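So that you can see what the record holds, here are the features copied from TrEMBL:
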type     : residues                                              : note
ACT_SITE : Lys205                                                : active site, proton donor
BINDING  : Leu9, Gly10, Leu11, Gly12, Thr13, Val14, Gly15, Thr16 : NADP(+) binding site
BINDING  : Lys105                                                : NADPH binding site
BINDING  : Glu190                                                : L-homoserine binding site
DOMAIN   : 350-425                                               : domain 'ACT'
Amino acid sequence: MKPIKVGLLGLGTVGTGVVRIVEGHQEDLTNQVGSPIVIAQILVKDRAKARNIQVDASKLTEDPWEVVRNPDIDVIIEVMGGIGQTKEYILEALERGKHIVTANKDLMALHGQEILAKARDKGCDVYYEASVAGGIPIIRTLIEGFSSDRITKIMGIVNGTTNYILTKMSQEGAAYADVLKEAQDLGYAEGDPTSDVEGLDAARKMTILSTLGFRSHVSLEDVSAKGISSVTQEDIQYAKRLGYEVKLLGIAERQDDFISVSVQPTMIKQSHPIASVNGVFNAVYVHGEAVGETMFYGAGAGELPTATSIVADLVAVVKNMKLGVNGRQAQLSYNVMKLKTDEQIASKFFLLLHVEDRAGVLAQIAQVFSDCDVSIESVMQPSAPNKMSTEIIIITHEASKASMNKVLGAFEGLAAVRKIKSVYRVEG
Ligand SMILES: NC(=O)C1=CN([C@@H]2O[C@H](COP(=O)(O)OP(=O)(O)OC[C@H]3O[C@@H](n4cnc5c(N)ncnc54)[C@H](OP(=O)(O)O)[C@@H]3O)[C@@H](O)[C@H]2O)C=CC1
Ligand SMILES: N[C@@H](CC=O)C(=O)O
């Protein structure tokens, strides 16, 4: 049996997991695809670096073109990260008829359409299951499992690092900076963790999920994104008192031909299954018109969970090779959708305000809500009043984003409101 030869770009957290699974599950993989799978060459930045896996040193190279242009290699697994140069390597590999498996959501969110078009042109496969939600097979699920349905909502925790941080802040009162360091040490965070904590990593993943779910091209600029760096211990504790958890949620919604896609720290009811997804775990809730509610759960980052998705993609590529059907995937984004306006985007909101502590203030605040067409579900005054000011928490009924922006604008000019401390979308 002629072996299938793989070129591995990157031997960090995920690349190491790929080598472990390909070697550790070799017999099972060979039985599934009918050929042994061999990792023939590995690209690294520094060949001399100490590694926590033993690999044949002669396979390591620092020259990407040596791997990408190697005529013996059938499949390239890209787990080095990066956008500009990495895209060049992938396009060159496709040009040479090699199939691609990648975990790179940054690249797929920004250049996925171009890469997939080139792959179709060249009769090659590009699989990217590991790019969203690590070990959860959500991409395959959206493409295949929901092919018969019309998806109306995708809501998920799609970043392991921030869920790890928020969980530790909520359950152990831990400080944000300390937990971020832990997530980096565990290999969950990106090289530059700003993209995790500022919501960009989740926004890129939501770009991919909403493109597949709504079968319409969604670009990164269509996704409004806010991260967790402004979430305070105080917000988390107030949320818990009111029966909510704070989670960084990606939310994509469709109504007729209109969609909205966003990422933001959200207060979600403790009774919703997403509220109990903790640590590095991810979960994606999908609502389909016909199927109703579904949810998918698993490790969202880390060496072996992510590598599981990559090697499953490799198996799919090799099976296609045996059948001679590589590059025959159908066009997945054919709908034309418009973005919802702020008038069309609706949710409940949580507000924590610092207000003057004097008679009549609550009435003034209630008037602003009423003038802006936002109705209040509940008001709570959590702190003991002092002479100068006090805190109030307001939860609204469902209101449009445009109306809520009007309320916030009006508060800026209202002396009774000393500070808008926090505003959260509320779900569940
Ligand atoms: N970590 C995770 O849990 C997940 C990661 N991903 C994605 O997988 C990809 C890899 O992530 P991860 O394994 O964590 O990253 P790491 O930083 O741990 O590993 C990157 C690897 O690529 C090599 N590399 C990077 N740049 C170059 C370059 N210019 N030339 C040659 N080699 C290079 C590094 O070499 P050297 O070892 O010599 O430094 C290293 O082996 C990223 O796209 C990430 O977003 C997706 C899902 C989960
Ligand atoms: N940094 C990412 C890694 C997986 O995509 C995360 O924390 O989810």
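The backbone N, Cα and C atoms fix where each Cβ goes, glycine too.
Feature annotations (TrEMBL) mapped to structure.
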residue	record	DSSP class
Leu9	NADP(+) binding site	strand
Val14	NADP(+) binding site	helix
Lys105	NADPH binding site	helix
Glu190	L-homoserine binding site	coil
Lys205	active site, proton donor	helix
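For Leu11 (NADP(+) binding site), the count of additional Cβ atoms within 10 Å of its Cβ stands at 23 [all protein chains shown].
Mean pLDDT of the predicted structure over the domain 'ACT' (350-425): 93. Per DSSP, the secondary structure of the domain 'ACT' (350-425) breaks down as 23 helix, 31 strand, 22 coil. The record gives Leu9, Gly10, Leu11, Gly12, Thr13, Val14, Gly15, Thr16 for NADP(+). Within 8 Å of the mean position of their Cβ atoms, the other Cβ atoms in that chain belong to Leu8, Gly17, Val18, Val79, Met80. If you take the C-beta of the residue listed as 'L-homoserine binding site' and look for same-chain residues 6 or more apart in sequence within under 8 angstroms, you find Gly81, Thr161, Asp196, Asp201.
Listed in sequence order, the recorded positions from Leu9, Thr13, Val14, Lys205 having a Cα within 10 Å of the Cα of the residue listed as 'NADPH binding site' are Lys205. For the pair Leu11 (NADP(+) binding site) and the residue listed as 'active site, proton donor', the Cα-Cα distance reads 22 Å. Residues from the binding-site residues list (Leu9, Gly10, Leu11, Gly12, Thr13, Val14) with a C-beta closer than 6 Å to any atom of ligand 1: Gly10, Leu11, Gly12, Thr13, Val14.
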